[in-house]
Amino acid sequence: MSLTVEAVQAALKGLIDPNTQIDFVSAKSVKNLRVDGGEISLDIVLGYPAKSQFDSIRKSVIGVLRELPGAKNVSVNVSSQIVAHTVQRGVKLLPGVKNIIAVASGKGGVGKSTTAVNLALALAAEGAQVGMLDADIYGPSQPMMLGITGRPESIEENTMEPMVGHGIQASSIGFLIDDDAPMVWRGPMVTSALEQLLRQTRWRDLDYLIVDMPPGTGDIQLTLAQKVPVTGAVIVTTPQDIALLDARKGLKMFDKVGVPIVGIIENMSTYICPSCGHEEHVFGTGGGQKMCKEYGVDFLGDLPLNLSIREQADAGRPTVVADPDGAISAIYKTIARRVAIKVASLSKDMSSKFPNIVVQNT
Ligand SMILES: Nc1ncnc2c1ncn2[C@@H]1O[C@H](COP(=O)(O)OP(=O)(O)OP(=O)(O)O)[C@@H](O)[C@H]1O
């Protein structure tokens with residue numbers, strides 16, 4: 001009996017993608033399938049970046065197909081293709097940027113910026129083109145964490161080049177607003193300065209632009225959530241009741257403006273004593289997960305309170321770069337993959353698919 005396309009498809013249908021828990025056929029990841037005698041060739045195209053897993057996915061697909069009766073040679077190519085997803089209604093899209101992910105927190109100091117930069121670096125490590133827009137007016141810290149110094153170049157009038165640190169294209173509100181400017185003055189000018197930064201930076205083919213939002217849920221944050229074309233929002237919180245209460249406000253703010261919540265990350269979840277390894281839940285336990293259940297949103301993961309996270313970020317080499325194979329980087333990478341998979345599951349932007357309709361006067 002000769003090998004058929006149907007038999008190959010049935011075998012692939014039994015193969016579950018460990019990341020999405022969906023089989024490759026249902027996920028529409030199988031492309032260019034050819035069966036010619038005993039020769040099988042196909043591409044697996046994932047909708048999220050996963051460079052570190054291409055080889056293991058390839059091997060598992062080959063392993064399954066080789067078992068088929070009549071199969072001789074199996075050739076599989078695994079890659080990722082990230083597509084653009086929809087944003088709030090009525091907001092102008094950004095050229096050169098497929099998806100914008102806002103990283104927000106209900107209150108300051110919960111580690112939002114540190115989490116945002118490590119997420120950006122983890123997505124880049126998996127092969128995505130990533131940018132960082134530092135919108136944190138109260139403490140624009142992304143240039144420092146990405147090891148960037150100096151000011152951006154402006155090649156043409158009204159545009160500026162992003163600065164690059166550890167492969168991430170970055171632009172910061174710190175480039176436009178003086179560090180010494182008083183906060184009352186920063187407030188009113190901030191939304192227009194940010195829109196300028198967002199739209200006048202010449203982002204180059206980004207799969208994801210991470211926006212490090214200003215902490216809180218006041219007018220500035222609400223205006224930004226309305227004006228920035230966001231694909232989805234990630235909320236960072238610590239487990240204290242007060243932080244969770246504020247995180248709830250953040251959740252509601254994005255909900256109100258029609259931005260989907262990608263999920264919640266709990267930072268400084270536990271403290272592991274470096275001398276004896278004892279784990280302490282300094283700020284309580286389970287708050288983030290409970291909140292996710294209550295609101296029906298995804299819990300993306302938790303990070304421990306760890307001295308090296310702070311030291312590495314302060315030194316301009318965040319953990320994912322400083323210790324890429326360490327246990328903490330593994331947590332950031334798992335969270336980043338969950339974020340990318342969730343974004344991939346959101347509705348796709350079809351605007352570029354529609355033909356232009358030209359009305360001609362006759
Ligand atoms: N998991 C962690 N373990 C140890 N230190 C951390 C952790 N996360 C963040 N930090 C440190 O906590 C401080 C505050 O973090 P960060 O600036 O990221 O918070 P933020 O929420 O963005 O603050 P802001 O509201 O000022 O923007 C920084 O010194 C950072 O290095």
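Here the Cβ of each residue, glycine as well, is placed from N, Cα and C on the backbone.
TrEMBL lists 6-78 with the feature domain 'MIP18 family-like'. The ATP binding site feature in TrEMBL is assigned to G106, K107, G108, G109, V110, G111, K112, S113.
In the three-state DSSP assignment, the secondary structure recorded for G108 (ATP binding site) is coil. Ligand 1 lies under 6 Å from the Cβ of V110, out of the binding-site residues G106, K107, V110.
In sequence order, P215 are the residues of the chain that are 6 or more apart from G109 (ATP binding site) and have a CB within less than 8 Å of its CB.
Sequence-distant neighbours of V110 (ATP binding site) (same chain, six or more apart, CB under 8 Å from its CB) are P215, V236, T237, T238, A243, N267, M268, listed in sequence order. There are 25 other Cβ atoms within 10 Å of the Cβ belonging to G106 (ATP binding site).
In this structure, K107 is the one among the binding-site residues K107, K112 with the smallest number of other Cβ atoms inside 10 Å of its Cβ. For the domain 'MIP18 family-like' (6-78), residue counts in helix, strand and coil come to 24 helix, 23 strand, 26 coil, using DSSP. Shown are the binding-site residues G108, G111; the one with the most C-beta atoms within 10 angstroms of its own C-beta is G111. Apart from G106, K107, G108, G109, V110, G111, K112, S113, the residues listed for ATP, the same chain places the Cβ atoms of S105, P215, V236, T237, T238, A243 within 8 Å of the centroid of those Cβ atoms.
The average per-residue pLDDT of the prediction over the domain 'MIP18 family-like' (6-78) is 94, rounded to a whole number. Following the DSSP three-state reduction, the secondary structure of S113 (ATP binding site) is helix.
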